[in-house]
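So that you can see what the record holds, here are the features copied from TrEMBL:
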- 1-72: domain 'C2' (DOMAIN)
- 81-204: domain 'C2' (DOMAIN)
- 248-449: domain 'VWFA' (DOMAIN)
Amino acid sequence: QFGRTEVIDNTLNPDFVRKFIMDYFFEERENLRFDFYDVDSKSPNLSKHDFLGQMFCTLGEIVGSQGSRLEKSIVGIPGKKCGTVIVTAEELGCCRDSVLMQFCANKLDKKDFFGKSDPFLVFHRSNEDGSFTICHKTEVVKNTLNPVWQAFKISVRALCNGDYDRTIKVEVYDWDRDGSHDFIGEFTTSYRELSRGQSQFNVYEVINPKKKGKKKKYVNSGTVTLLSFLIETEVSFLDYIKGGTQINFTVAIDFTASNGNPSQPTSLHYMNPYQLNAYGMALRAVGEIIQDYDSDKMFPALGFGARLPPDGRVSHEFALNGNPQNPYCHGIDGVMEAYYRSLKSVQLYGPTNFAPVINHVARYAASVKDGSQYFVLLIVTDGVISDMAQTKESIVNASKLPMSIIIVGVGPAEFDAMEELDGDVVRISSRGRFAERDIVQFVPFRDYIDRSGNHVLSMARLAKDVLAEIPEQFLSYMRVRGIKPSPAPPPYTPPIHVLQTQI
């Protein structure tokens, strides 16, 4: 049990006030259950109250609904309509701000024997226990007692942990080559003070306590002035989802002969009536999370590397449902059904070409660059890629489009080439052109198989890893293009129930 709302007396249309704060992870399936009770006494024991029904959903479903508002039927009492529940979610945005600040100093103490000082600033935030943590260092400005430092950007969380009145300590040092930097002095401030911007309040005397204790006539060791203070609110992945951006999910499955004959238990495509094969697990693990962010739940499902009936032509981009004009399947269940059907009708062949399916999704992504849609392609494969040069070319081209590619490698093959496509270590390039951003995430499924044979765990781990990079890849596209989230639809207001009186 996570929490309970307040009790609202004598109503069939309650509007609950209590909010619940939960951690949200795009890459995890977070299952929720809401139970409804009619409270008859003061007892905290639920069995003493009448059960009115329940509703099941995922946190992703609520967040992914239009305006992050989910309306769903309450179920659980056989043969009875139990009403509906409306759940809304909002992201807590208090710590998403960053600040762009610039400082200069005047008449700092001269520390170097030959030249003037080489000053830099060190910022510390204070912790709950009174200790200090370094959160920023400026660059060193050489040979001056009146430095102007470059503007720098820092998150409000790093600067003061979101607490506007917490002490921020700033130390001024003279840089020395051997690392024994000389302390010039220090001052304290707070986010609230700094946020007044350039003013007489933000000119600080730099004090060296040792000097102050020794010299009666000591005034200060110079002054530091805030030149500018600009707050930038970072937009988040959820801001776009709330504003209606849809995530389109496409699946591409490897039907090459190296997978083994599907009728044999050794095949990666073996249709075991009792459990999913590795392809099925990868599809379900990723698909079940992404489908919460796609309003129509229609997913194109493609296959590659097979000979198709009736004439046995080889295709690297065929519709799993057998309909090239409309390759869409309904929900992840529809994708699984089409996958099993095509295993019965096509002949596994080869080679393993990725470029056609990447280009297929890229064509759609190229037609909607306004930020209203983002495309995720999941490729599940057993193997060694045959068209490496063309695939790299496709990925470099796709890196300019609103799309991400997830590759899950199944089976025991060597996946060295896939690691190269991932681009985490070395940015992928083709014919001298580099990918604009990293859009590929590769993982070998064997790393996720739970030793005890718990497939639910294997699938959750796989989804977590392959989807973790998607929100950042999504944001990097939107940032580069300067696309801002659309405003969310207005909040829901419940209808006013008119009481009818009988005459």
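Backbone N, Cα and C define each Cβ position, glycine as well.
Note on the domain 'C2' (1-72): DSSP counts are 12 helix, 21 strand, 39 coil. In the domain 'C2' (81-204), helix, strand and coil residues by DSSP number 12 helix, 53 strand, 59 coil.
On the 0 to 100 pLDDT scale, the model's mean across the domain 'C2' (1-72) is 94.
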